[in-house]
Amino acid sequence: MSTSSSSSSTSTALDNSSNEDIVLEKRNNLKNQNIEEQPKKQERGVKEQTKKRVYQSPYDNKSLAWLDKYFEISQRDSNFTKEILGGIAMFLASLYILSVQPSVLKLGGTPESGTRQSTALLSGLGTISMGVVSGIPLMVSTGMGENYFYSTTMMLKHKYSWQTAGSIVFIQGILIVLISWRFLRLKFLSAIPPMFRIGIAFGISLFIGTLGIKSMINNPVTGLSELHFRLLLAVLCLVFVASFAIREKIIVFILAPFVTAIVSQVIRAALGEFEMAKWDLSGLGSTAFKINFDWKVSALWLIPVMTINQLFDAVCTILTVIQFAFLDKIKFDEKKFLDLISQSKTSKLQRVIIVTGIWSSISGLFCNSQIVPFIESIVAGTVGARTGFSSVITGLCFLLSIFLYPIISLIPGEATAPLMIYTTAIVIKMITHVDFTDLNSIIPIVVSTITIPLMSSILMGIALGYAVLILLWIVAPEKKYKEITYPMVIVFILAVVGVVFELLE
């Protein structure tokens, strides 16, 4: 009895000790688990606090603080001075459209004064809405290339009246909105390789510089190159801008053009060449809401061609402006770039195209040509603007120009050309991010870079370069054809169609 009882007590003791060991082991495991989870909990807590944290504006004034918070001015390392100066500089660089657009559409019979005023109105309201909706320093107006297609192809070649041509633009703008609203997502960007996007920026910047040089040496009346005092003034203005910009005196981007304009007009007056535009505010009613739908069969293919043209032009211009204005100076970071344009369910790219389509449709109601983002918007980034507030300033300047055009028209090409050339010099740095050892990237970039300024067509340069890019990928010995995605195939088809119709027209 005693032996059995002792053995049972021994087994009980062993069971108790084993149970205690199990309990201790479980406690130790729980402690270790808590120790491991504690940093994770702290990290989650930090993230939750960051989400809950409300951005505090550095401005005490309630209105300024609200604007700063809405446009994220301080968050993007900018300030109101940079945004305002950037907006004015963007307006000056795009000012030429108010004189060029009426002369181009006049070829097809559109009333000149009505075109100028509707262009100013559409540019103003469109650019303001672009800044508010997208938050990007981007200006929109009636595009160069689109306006010639509108006047020469639609009106002169196909014999459409300016009222009927406006109705085609009206419908085409609605089509752009529907396409971008439903189909244009972030996947579209995968169809444009990063290196080619940089190459596009390089080519477009050369195009800007080419336009600047032409306005410096060409007679604004005859369009022929000639030696004139304007060239000397433009060179001096460019040197003035560059020297002070290097010293980060951004006021020079506004001061230099205005000083040059005053000197230029004084010299013109001395030579008897001074001329002031007529003050006419009655022209807007001559083109507004005059459209009719007297279409022909050709309208069925004109609309797709115009849509392809506008999409290519707009998307590549937007990507260039975003790359330049949003990234840290000119340092290219693909992941950061994609994050910037997809910060919400509706990406920045998609918002811009939708707004562009809406204002194109409204432009048609005014019997005007398509609205597109202007590559001259890069000028704002050169000054230091990083937000849509600069677009609001640019839009307000265009609205004021409706009433002050005779005064604003006194700012000649030699005063604004240096801004375009300086911008080219800044943006051209982007080419350093291209892999020069990869001919599959270099050759398409060379094709686009030469074609855009040579043919004065962003669409032609981008479409031809992209077509060459895909064909090179197909025959490349590295089997790069495996990297071709279905969005790339769709864009390739659109590029080929764009090249064909551009050359036909």
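Cβ atoms are placed via backbone N, Cα and C, with glycine included.
In TrEMBL, annotation is done automatically, which means it is predicted and not curated.
Quick look at what TrEMBL annotates:
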- 1-12: compositional bias 'Low complexity' (COMPBIAS)
- 37-51: compositional bias 'Basic and acidic residues' (COMPBIAS)
- 1-54: region 'Disordered' (REGION)
- 84-108: transmembrane segment (TRANSMEM)
- 120-140: transmembrane segment (TRANSMEM)
- 160-184: transmembrane segment (TRANSMEM)
- 196-217: transmembrane segment (TRANSMEM)
- 229-246: transmembrane segment (TRANSMEM)
- 251-271: transmembrane segment (TRANSMEM)
- 299-327: transmembrane segment (TRANSMEM)
- 352-375: transmembrane segment (TRANSMEM)
- 387-407: transmembrane segment (TRANSMEM)
- 419-436: transmembrane segment (TRANSMEM)
- 442-472: transmembrane segment (TRANSMEM)
- 484-504: transmembrane segment (TRANSMEM)
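Counting Cβ pairs closer than 8 Å to the transmembrane segment (419-436), the top stretch among 120-140, 196-217, 299-327, 352-375, 442-472 is 196-217. Two recorded stretches are said to be in contact when at least 3 C-beta pairs lie under 8 angstroms, sequence spacing 6 or more; the transmembrane segment (442-472) and the transmembrane segment (120-140) fall short of this definition. The stretch in 84-108, 120-140, 299-327, 387-407 that contributes the largest number of Cβ pairs under 8 Å to the transmembrane segment (196-217) is 299-327. Across 84-108, 229-246, 299-327, 387-407, 484-504, stretch 299-327 shows the highest tally of CB pairs under 8 A with the transmembrane segment (160-184). For the transmembrane segment (387-407), same-chain residues at least 6 beyond its ends with a Cβ under 8 Å from one of its own Cβ atoms are 67, 71-73, 76, 78, 80, 82-84, 86-88, 90-91, 94-95, 98, 116-117, 120-121, 123-139, 141, 276-279, 281, 377, 380. The stretch from 84-108, 299-327, 352-375 with the most CB pairs below 8 A to the transmembrane segment (120-140) is 352-375. Taking Cβ pairs closer than 8 Å, the transmembrane segment (84-108) reaches residues 115-116, 119-120, 123, 137, 139, 141-142, 144, 147-148, 150-152, 154-156, 162, 165, 215, 250-251, 253-254, 257, 368-369, 374, 376-377, 379-385, 389-394, 396-398, 401, 405, 408-409, 411, 413, 415-416, 419-420, 423 in its own chain, all 6 or more past its ends.
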